[in-house]
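One structure below.
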Amino acid sequence: MADRHGRRPGRSGIRRVGAALSAVLACAALGACSGVQNGAVSADSGQEYPSGPVELIVGASAGGSTDLLARKVAEVLEGPLGATVTVLNKPGANGAVAAGELMNSAPDGQQFMLTSGSLMTITPHFVSPDEALSVDDVQLVTGVGREDYVLVANSAGGFASIADIVAAGRTINYGTSGVGTGGQLSQRLLFDRLGIQSADVPFEGGAPAVTALLGSQVDVASVQVLEAMPHIQSGAFVPIATFGEQRSPFLPDTPTATEQGHDVVVDQSRFVWVPKGTPEATVAKLAEALRTTFADPGYQDFIAQSYITADETDAATTAANLQADRERYGAAIKAAGITP
Amino acid sequence: MDLGPVLDGFAVVLQPENLLYCLLGALVGMLIGVLPGLGPAATIAILLPITYGIEPVAAIIMLAGIFYGAQYGGTITSVLLRLPGEASSVVTVFDGYQMARQGRAGTALGIAAIGSFIGGTVSVVGLTLVAPLVAGVALSFGPPEYAVLALLGILLVSTIGTGGSVKCLVAAGVGLLLATVGRDSFTGTTRFTFDNLALADGLDFVPIAMGLFGLGEILYNLDARGRGPGEPLPVGRVYPGRRDLAQARGAFGRGSVIGFVLGVLPGGGAVLSSLVAYAVEKRRSRTPERFGRGAVEGVAGPETANNAAATSSFIPLLTLGIPANATMAIIFGALLLQGIVPGPTLVDQHPELFWGVVNSMYVGNVILLVLSLPLVGVFVRILRVRASILAPITALVTVFGAFTVQNSVFDVVLVIVFGFLGYLMKKSGFEPGPLVLAFVLGSLMETSVRQSLRIFGGDPTGFLTRPVSGGLLALTVALVVLLPLGKVLLARRRAAAGAGRPEAGGRVESEERR
């Protein structure tokens, strides 16, 4: 394993069509064997960081919003970090499987993880303790961004505001992206406060929930802005409320739930962490490289187009925010008497 | 319909660079299709970084090529090694592998390639002409409709395989039970996970199928060899003859239509289409007893259907921005990384992308047919390899493939566990097919039924009063209960009268010339 000359042949060479085919097989082998390679890499930890290719772990399958963000980060990060950055998908239990494995691996920064805040702030209130992550279990590196949830209705349904939903005077079926997600929590808290008859219909992720709403199988759904935006633009969906503290910069005309008189604040944050015990210099180097990444215009274009608001807080602030969110959600869940 | 953009789309495809990416995608797809476990979703995820530097149209043409190319390649291991890499090729195993054992592996692969070409092409024509219309219909399918479709699928499971239907139902029941493992998606409670986080999301299809079919078969063959000298499988004629093609002709047509229609439905469309296509062929056949013993239609129907479904699963993505399966989710991501948000406005905002990708599928299917027919002769040679060499390699590929899906060692352990179960099942005359298919459809049914009941406010009569689910339910009852009942009654009356040729429940079969 190359420790000094850790840089692999640059990606630019791979972009050629002619070389692509051989690269395909090499990549396939690399992707498949990478789990094995890391054992070897981590053996010489404490040396110069990064020693060889690093892995950005995503606790979800490829194609999801965390995964896409991670891929963009990995692409840009290669320059400032001076190493190949590979995205490794380890789906399972909202990311708890991958997080558990990383927590017990060598603290050398060769593997780090991009995680959604809900795993630390919302999920713990709904699942057994070993499926959740605590701020104290990890070494935070940096915050990355925040995404808003937006409550949308099918435009055929006639709802345009929260008041319209209350005035309907019937049971409201709301679609969610699953148990323990921000989409579910935001709606449960809202409908609990409204005090009207409602039924929670969980789907396996945001896309099926959007599909169901497009077909008017449910009345409303709270999903991430990216998932709803194409349909808001085409006129199929009406945005009713966002759940951020402030209005979403991408939906400036949609009032927040708080503005409409219902104090429900739920959003999704994303952050990067390494195992506890990682040398301070390593964490600092990684944080610095990530800061350079966040300043890249290509990266900034990508997050704007994905409706992510930059929230690149340092490790201490990120930890404090996560802890505060967790307590806030916990209090709201308790006050509403919600059990899954 | 304005044909201008469609023709412009052909101009886009025929640019040499795009043609090259189409060829590259199809070729890579076919290769990874041959490696079980390494599915198109994983491959496309691995290749995403390569697409950053190329034009969006070329990138999506290549990724699409990988997806439908993998459907061609996936057949090869199903037929030769009894290793279905994806749920939609499980059905092909029954007759495909039997044909291989009878020395007709070449015929099976050839028929599958031709069927895939026809299914893919018919589906692209459908995609060109009626995509927006079909997408609208797909939206009227909500949880209640999926619940009924999944029920129909599970009931059809008992019609496949050669074992007795009681054994089929037992295996299907075990499959349904296995589908309950994991977190309850409604309450968050974990079921049968034994506090193991690796089980929190339930079991995955790939390790179960790889274990039950692939490893189980290897173990069984080892056992059988211990009791007598092993003989290499005979390899007969490589290409399908005129008689095979004539037999498969009807199956090609029906498979195309079934695949196109069911493939549009997000989630489970491809699996259902292959299952329904197989069941239709078996029901239609005058000699249903040939099925499971090497019937050409048993390969032609499902293979045509799953390719047609693969193509039509692009419809929800391209017209609505909804990814219909895991691979579509990654192609969605690829578009996003290229700065294009797929949605209802894609056709208007990026016509060159929409029609370029759609039209590349015509070219891609021709490329795949041209590639795969000559390769059939190469692939069947695998069967000439001695079992003492082939079996360990197959076992290795199986385990490796299962690992790559989720980069999980736990899945490798599962393959081994299910390998032993598969061996025991085969020894005692149980088919793994119904188990695997019921497993796939079981979670779809559970989720949809519970979602439906939430929507109905707990009132199960909602299934009957909704027009689409009510209609489907009536069809299910007709197909599964009334039709076989009618057949039995008719046969009895015939036997009593002692005259008339046996015919299936009053249906006309004579239009199919033989």
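A Cβ is built for glycine as well, from the same backbone N, Cα and C atoms used for every other residue.
Automatic prediction, not curation, is the source of TrEMBL annotations.
Check TrEMBL against the ranges B:199-220, B:397-418 and you find transmembrane segment recorded for B:199-220. Contact between the transmembrane segment (B:44-68) and the transmembrane segment (B:317-341) is supported by 3 or more Cβ pairs under 8 Å, counting only residues 6 or more apart in sequence.
For the transmembrane segment (B:19-38), the list of distant contacts is 13, 47, 54, 58-59, 61-77, 81, 83-85, 206, 210, 214, 360, 363-364, 367-368, 371-372, 375, 379, 397-398, 400-405: same-chain residues at least six beyond its ends, Cβ to Cβ under 8 Å.
At the 8 Å Cβ cutoff, the transmembrane segment (B:469-490) and the transmembrane segment (B:199-220) share fewer than 3 close pairs (sequence separation 6 or more) and do not count as touching.
Under 8 Å from some Cβ of the transmembrane segment (B:146-179) lie the Cβ atoms of residues 91, 94, 202-203, 208, 265, 267-268, 271-272, 275-276, 278-279, 282-283, 291-293, 425, 429-446, 448-449, 452, 463, 469, 472-473, 475-476, 479-480, all in the same chain and six or more residues away from its ends. Across B:108-134, B:199-220, B:257-280, B:361-380, stretch B:257-280 shows the highest tally of CB pairs under 8 A with the transmembrane segment (B:317-341). Taking Cβ pairs closer than 8 Å, the transmembrane segment (B:361-380) reaches residues 13, 19, 22-23, 25-27, 30, 34, 61, 64-65, 68-69, 72, 76, 80, 105-106, 109-110, 113-114, 116-117, 120-121, 124, 127, 235, 238-239, 311, 314 in its own chain, all 6 or more past its ends.
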